[in-house]
Amino acid sequence: MVAIVSAEPAGGYEPVDYLTGIALSLGAAFFYAIAALVTKLLKGTPPHLIALVQVITGAAMLAPFALAAPLPQGTLQWTLLLTVGVVHTGIMYILLYGAIQKLPTHMTGALSFIYPIAAILVDRIAFGHALQPAQIAGSIAILIAAAGTNLGWTLRPPSAKRGLKRQA
């Protein structure tokens, strides 16, 4: 967090805009965590129903912004819009909420951190953007942390853990 806040924004962004972006990102992460917890509690509810409720809620909240902009005019624009809406949102939500209901909480959390790595790689492949050293280092740290969480790594050496069990 310190690295993000202390970083200098690139591209001539105002510091206020940069900090607003950080605050909005933290808010999005907070509400994603709430959605994941609620999804975990809805174990018997089919994932496609949870996705439908999420999409309808999101559409209602974003409708004023969407209505302020002109509608897509051509077939290509409508095709792209439907692809993003159905494939990238609908199917992804169904898979995500189905996985959240089936996986242990610690694994869901660890795997959620892999999403930014996928986004960075797609950005590289689709748009040819060069990876920055901070992105590479962050990706490596995320992969190590996800592996450690899923494989049960600890920071204590095995002898220290045994000593704690004997004292208890």
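Cβ atoms are placed via backbone N, Cα and C, with glycine included.
Feature annotation from TrEMBL assigns transmembrane segment to 18-37, 49-69, 75-96, 108-127, 133-155. The annotation domain 'EamA' is assigned in TrEMBL to 20-150.
The stretches the transmembrane segment (108-127) and the transmembrane segment (49-69) are not in mutual contact, being linked by fewer than three Cβ pairs under 8 Å (pairs 6 or more apart in sequence). The residues of the domain 'EamA' (20-150), classed with DSSP into helix (H, G, I), strand (E, B) and coil, number 112 helix, 0 strand, 19 coil. The average pLDDT for the domain 'EamA' (20-150) in the predicted structure is 87.
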